[in-house]
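Have a look at the structure below, then the notes.
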Amino acid sequence: MGGFVLAIDQGTTSSRAIVFDGAMRIVGTGQKEFPQIFPQSGWVEHDPDAIWDSVVSSIHDALARARITAGDLAAIGITNQRETVVVWDKDTGKPIHNAIVWQDRRTSAFCETLKRDGLEATVTTKTGLLLDPYFSGTKLSWLLDHVEGARARAEQGGLCFGTVDTYLIWRLTGGKSFVTDATNASRTLIFNIAEHGWDEELLALLNIPAAMLPEVKDCAADFGVTDKAVFGAAVPILGVAGDQQAATIGQACFAPGMVKSTYGTGCFALLNTGADRVVSKSRLLTTIAYRMDGKTTYALEGSIFIAGAAVQWLRDGLKVIGDAAETGRLAAEADPGQPVYLVPAFTGLGAPWWDPDARGALFGLTRNTGPAELARAALEAVCYQTRDLLDAMHKDWQNGEDDMVLRVDGGMAASDWTMQRLADLLDAPVDRPSVIETTALGAAFLAASRVGLWPGMDAFARAWARDHRFEPVMDAETRTEKLRGWRDAVRRTLTAG
């Protein structure tokens, strides 16, 4: 057995591969971006072959930088963008359509029809989710209805459905493994999180044939072995989790009441609720945090669709910055007397508002508003939305401790200005870990602990290390005024008024 573990982190805009050694140190990385496809307003797609090519390229780069070969790997862990739908031919492996991405809103009208028919309560009771285009089920139904012959082929067992993890495992194993894990399954809108299986009633509701669904496993399990012809060596795939659940694991949020927030393209906060499957009264999601040895740990999740993507918009859309790294410096230079609010509802608003038809808006603009004020507004929007999520979580689940500490990760967590403003607006400490690649770390832990290369959960939690703690310094009056302005801006953006 080799002494290294490979984490594949397949994201929304790029794929990453990270090699860890037996001491949990990063020894090699690779990253490859791939194109985003926008066929219509509100539609977002990926070419599955482009996803695959980016994964292969990043793996080759990571192994080369680690100065090892595939044969030196003890195991592979996979983490991935969730909810994104891929459908492919079981015999040829060829996708029948581009992947429909989690950000895609094309099924908004279908979701509204189902809501009007009074079906959301049934969906939420079974899945912990809401009837929103965000999740996989309505996307899959759309594909079956709009790709010629797809439904008949699916009913005959000729098509495979998967989230991105399933598609990658299929290709890595040369088509031998058709599997997913409980966390990815829990995001599909057709998986019953209480009974731990695909739900016949929901499949009938969305007219999805059960024959096209993968087997669901624990997060740490035997997912298959890579095909030597594809990968260069036969390496076991032993860990899989959706990206936000993998980050929860990588942050060692194993105790009920612990909460983490990941800042990438979107922002996602998860609160560990242990064995307690909390029914949210604040339109948060009840989801599976992880499933180990057949035991399910649940979480409350709040999903923000636009976080780092707002900074990309400043760079690529408005062209007011040249590089994302400039944003924090610019924000620090903003005029404190000019309160500008950005509500980044570019693809609707997520939790706790769930308004798919809301669109982005800027408030408070004057003739003196410039790039600095826009940069501050973009970064503060992420902080305000996080505050909304955590307020809703604590309203739903009273078992958490009053002295909450938020563990953060993702690209935006590297910004000292943003993390300080986050602590200020939360009125709570924010901890940034020493290993910022927590999503990949979580996937690596699942695989490495199963193969015996790394320790178990207790020892892993003790090894978690903090890089920096940001303590709140903003006075209560300023914080209250800023939050009031934000909530007024959101209210004016919502389509319901």
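Cβ from N, Cα, C; glycine included.
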For the ADP site that Swiss-Prot gives as T12, R16, T265, G411, the extra residue out of G308, G364, G456 is G308
From candidates Y134, Y263, Y290, Swiss-Prot puts in the same glycerol site as R82, E83, D243, Q244 the residue Y134
Among T12, R16, T265, G308, G411, the record's ADP-binding residues, the widest C-alpha separation in angstrom comes to 17
Not counting T12, T13, S14, T265, G308, Q312, G411, residues with a CB within 8 A of the CB centroid of the ATP site are G11, G264, A309
For Q244 (glycerol binding site) and T13 (ATP binding site), the CA-to-CA distance in whole Å is 16
In all the protein chains shown, the tally of other Cβ atoms within 10 Å of the Cβ of Q312 (ATP binding site) is 15
With the fewest other Cβ atoms within 10 Å, the residue among the binding-site residues R16, R82 is R16
Rounded Cα distance, in Å, between T12 (sn-glycerol 3-phosphate binding site) and G308 (ADP binding site) is 12
